[in-house]
Each structure stands twice: as structure tokens, then as C-alpha cells.
Amino acid sequence: MATEYNITNYITVIDPQALTSISPTLLSISQAKDLWYKVKPCGRLVRPVAPTRIPGRYLSHQEGLPKLPVPSLQQTCERYLATLEPIVDEEELSHTKELLAEFQKAGGVGERLQKGLERRARKTENWLSDWWLTTAYLDYRMPVVVHSSPGVVLPRLEFSDRQGQMRFAAKLIAGVLDFKTMIDNETLPVEYLGGKQLCMNQYYQVLSSCRVPGLKRDSVVNHAHRSRPPTHITVVHNFQFFVLDVYNSDGTPLTVDQLYMQLEKVWSSSLQTNKEPIGILTSNQRNSWGKAYNNLIKDKTNKDSVQAIQKSIFTVCLDAPMPCVSDELYHSRAAVQMLHGGGSRWNSGNRWFDKTLQFIIGEDGSCGLMYEHAPAEGPPIVSLIDHVVEYTKKSEMVRTPMVPLPMPQKLRFNITPEIKKDIEKAKQNMNIMVHDLDVKVIVFSHFGKNVPKTHKMSPDAFIQMGLQLAYYRMYQRCCATYESASLRMFKLGRTDTIRSCSIDSANFVKAMDDPAKQKIEKVTLLEKAVKAHRAYTDMAIHGQAIDRHLLGLKLQAIEDLTSMPEIFMDTSYAVANHYNLSTSQVPAKTDCVMCFGPVAPDGYGVCYNPMAEHINFAVSAFNSCNETNAAHMAQRLEEALLDMRMLLESTPKAKL
């Protein structure tokens, strides 16, 4: 069945921050999951005892996965040069060729580092995964807000009062717990990419986990695998945190009605709007937050409250209404609400940004989530979203037990003058980030995956060429472009980079507006660029791309305490890793859009969900850069895609 799909239909989700520190994510939605939705019973709700686990299924699957390979040194060096050609000048390219020739000499530094990597690959389950977690995430010191954690905007809900907000929140919680049952029982369907089984490890990292700040390096704690896993979630309303137990004493999850009653208790116990927004501390630069964290948890009450949040299965943020905007601007406003909460005046204090999963439900019908990126990429998040959205559409079939439920526990914090000072500083920094981030969400309604497929083109490759054309029209140059590819064919696989800017994409974008070029020639160049993108994608998912290999060689040099090879000090390497376009495809069944900040000060973050007949785009830029503008980029992207369709439809010989 998997052969009916282009391999590029299964790529990408997002890893914005990891790009900044090195580069990053994927999304794969397999037909196994499609089948799962078709065969799942919908007339009744399955309620197995909650956190039980049937051992063996997950482990037996994992043990059968191959190890991530180490590509050959010569292959990576050759492919690296090819990716540089459209983005560096001839003089720089010539200098880099000399450095690479020296690096590859027999018995030289490159060969020594390559052998070190190969030794590491033999001794470990995955030579990259620990390095990647540390270097791309835990060592990264910028705030997770905007710079790392993605937001997801879900379809607007049909309510505008607190009763509607509570009712939907109760259904959402029940839906997440339903998904959790499959994780606990290890009954999640295995996902596939190009007919190959994928590593499912990340599904076991997203619940009951949390990032913990450090003075120089963060860590991630996961309480799901403890002998007594957590049975509570945290709910935050008006900046006040509550522990809400979501399982009955017999291990069954609370029903939607029970959850609704408990949420009402939370709401009525947190009416004060003058509380200190303790959660805003988590939005600060990581070293600053690490210092404030150590000070905060000196107090036992504070430490207990923080640990309750960290241990919770996930967090639900009951947001106050955001400023009203027109229907046209709603999605853009919702995107910033999911990314950062809108600032200290609005909902930025109504978060614990270190928490892996935070579901956000506004009193005005806005709905979505944000997630902290260190434990996992997008696939488990999007699978969970699709499951929960479907779940919330069902009618509740379970009778609510007539048993009294305990009052949700309000978490207390003792705010000293020093903590108060830290909160004020975090507010200021958050508001600077809020004012600097420019986000434009558009629904491209002219066509979706249908048009590229009609012309036998991969929808993802087609959209990526649209991005290349839009950028070239704005700046008259090509730029380093990031798109992530899954390494989940391999045990504990994370991501590698699809470099969407290629010699072939450059030839196409330069020819597109050249009046001297014939239409048929332009079509041929577009077809060639699309084929090149698909070939690079295929190479990347099979562990043969260049970026993680180069990173591994660099980290091996650091580990060996040898001097840094010149290829990593070269201007070309800096240019190659300065992603003016950081992009991700996030395909979902749900009509949603993911969003994230740019990874370069003068760059764009572009995320898209291609549906059958439309495409959801989220484009971000920084206001502090005079050269970038999210709305202009979104408009140019729309024009580029329409011009590409017109080119194909007005040229009968268009064949791929």
C-alpha cells in the first residue's frame, strides 16, 4: 500500500531551534496510521486500566531496526561542494575545494575522524542521537520560546464563553488520555516510511516529561517509565497552577463530565487576576532561567510545586481572551498566542514553557498547543493531534460514576523579592520577543496537493521550488535552505537536512522570469529541480545526507581534543549553516498549521500543511530586520505557486 504514495509526502516537521545551533525534524504519517483510523471502533469508548504496559511489543520492534550508518567521507565531501555551488562565490568555492582535498588526504585528519565515528557507531545504538540531543537542544542557551518550541493552531472552535472552554478542555483531556492508553499498552500502530518500519521511541518521550534548566546545560526528565508513573495533569488559569488527578482509584480515566466538573472547580478557585506569573520565568534565556530556577527551588514549597508540574502527564492552559481581530487576521493572531501567549499583559504567564506538551484553549474559541522540542520531533505530536481532534467530535458514551472527587490541588509559590525581580526581568524580555516576532498565516485556497500530483510532481518538492522562487524574486539571490528529513528508519533516529537550494533549483528560479527563455525550457528546468529535490530527500532518509555527518566529524574532533579542522572554520561552512529559509512540511489530517520562529536574524521560518485542495502556510520573520517581512514573503510565495501552475498548464509537453 505504501507504494501508492510519493516518499516526499512523508517528510518533515519542524526543528526550528536546532537549526540555529546546528541544524534539525521530520514528520511521517504512515498508512498504518490511516488503517488504524479506519478500523478503530467508534461506537464505544475503550477504557482499559490506565497506566499498564504490556511489555515486549515496543522492544521487539525496536530491536529489529538497523543502526544509523556513517556515510563515506568522499561521498559527503563531494555532495557538500555541490550544495555550496548556488550559495557561495567562485573564489570561496575554490578555497573550500582546496581545504576538502587536504582534509581527505590518506592518513590525514579527515580519515582519522571518520574512523573515530565508525568506532562510535559500532559501540552505540545510534552514533548521533545523544550528540544531537545535547548539541541541538540542551546546550542551546536562547529562550525556548520563539527560538525552539513550535506552536500549532487548530481550527477555531464554536464557543465564546467559559462553559464552552471548559467543555472542550474536558473532551481534549479525555482524548489525550485515550491516546496515552495506546502508548502505555504499546498498541500504537508502527509507522512506515517508504515501506520501511520506523523507530517509535519518540512516542514514549512526550508524556510526563519536562525540560529542566541548568546554568550551562539543560536536562530532560521523563517520569513515564517510573514504577509509579504520574496520574495527574497540570491546569493553569490566570497564571495559577493546579494539580488535577485524571484517573479514578480503580485506574480508569475520569469521564468528560467528571473532567468538566473538576475544571469548573479550578476556574472558580483562580478568579484573581493579580497573581504573579511564575510561569513566565520559563521563557527566559536558559542561563538566566537556570540561575533563577536554582534560587526558586531553595524553598521547599516552591520545589514541590515545580516538581508537580514537571511530573504531570501534560499541561492545559485555560487562556483569557486575546484582543479581537478580523476573521482574516485570526489565524495569525492565534499563531502568536500558541507561540508565546501574546506578552505579559495577555497569556505569556499562563504557561510552563519547559513542559513537553501544553494544550492551549482560549475563552474566545482559540485552540492549539505548543511543545518543547528536546524529547521528540513532530510525528508523535501530530499523530496525537489527529487522534484528539477526532475524539472530541464523538459523543460521550460512558456513564459518569456518582462518586465525589477531590478538590484539584492549587500549587503554591513563595515569591521573594529576588524571585519578583526575576519575574519582572522575564516579562521585559518576553515583551521584547513578542514585539520582534512577525507572523503571517495564510490559507492558500487556489489548489493543494491535487495540482502537483496531476503533473506527476511531489507536492512537497513543488512547494519547496515555490519557496525558492519567492525568495529569489525578493532578493535576487539563492540562500541556504533547511528542510528536515526523518532518520527514523534507524534505531533512535532523529533528523537530517534536505538542502532544498540546489544547482537545479537555482537554474530554475533564474530562468523563470527570464524573457529570453522559452516556456518549455522553464518547465524542463522545473521538472529537473523537482527530481533533484526528491533524490536528495531519498538520500537523506536513508542516512546518506551531509549535515549530520559533517556535524559528527566536527564533534569527533572536539572529543578527540584535536585542533578544529579548517573546513569547519571556513566561510563556506558558515554560509551553508546560515539558513535564511528554515522550512518544514507538517502534513496532518486535521486542518491545522504549525508555526515557528526564524533561525537566522535575517531569515524566515516557513511551515506548511498541504491538504488536498488548499495549503496552510505560516511565515515568520523578525521585525528587527529591515530586510525581511512575513506578509511580503507570504504574498510572493502565493504568486510563485500560481505562476508555476500557470507555466505547467500552459505548456502541454510538461512531463515528469
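Every residue gets a Cβ built from N, Cα and C, even glycine.
No curator has checked TrEMBL annotations; they are predicted automatically.
Feature list (source: TrEMBL):
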- His373: active site, proton acceptor (ACT_SITE)
- Lys449, Lys453, Thr454, His455, Lys456, Met457, Ser458, Pro459, Asp460, Ser486, Arg534, Gln585: CoA binding site (BINDING)
- Tyr482, Ser484, Thr495: (R)-carnitine binding site (BINDING)
- 68-639: domain 'Choline/carnitine acyltransferase' (DOMAIN)
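On the structure: features taken from TrEMBL.
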residue: His373; record: active site, proton acceptor; Cβ within 10 Å: 26
residue: Lys449; record: CoA binding site; Cβ within 10 Å: 22
residue: Thr454; record: CoA binding site; Cβ within 10 Å: 13
residue: Lys456; record: CoA binding site; Cβ within 10 Å: 12
residue: Ser458; record: CoA binding site; Cβ within 10 Å: 23
residue: Asp460; record: CoA binding site; Cβ within 10 Å: 29
residue: Tyr482; record: (R)-carnitine binding site; Cβ within 10 Å: 29
residue: Ser484; record: (R)-carnitine binding site; Cβ within 10 Å: 31
residue: Thr495; record: (R)-carnitine binding site; Cβ within 10 Å: 30
residue: Arg534; record: CoA binding site; Cβ within 10 Å: 19
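Counted over all residue pairs in Tyr482, Ser484, Thr495, the record's binders of (R)-carnitine, the longest Cα to Cα distance measures 12 angstrom. Distance from the CA of Ser484 ((R)-carnitine binding site) to the CA of Asp460 (CoA binding site) is 12 Å. The recorded positions recorded for this entry are His373, Lys449, Thr454, Lys456, Arg534, and the Cα of His373 lies nearest to that of Thr495 ((R)-carnitine binding site). Here the candidates are the binding-site residues Lys456, Ser458, Tyr482, Ser484, Arg534. The one whose C-alpha lies nearest to that of His373 (active site, proton acceptor) is Ser484.
A distance of 16 Å separates the Cα atom of Ser458 (CoA binding site) from that of Ser484 ((R)-carnitine binding site).
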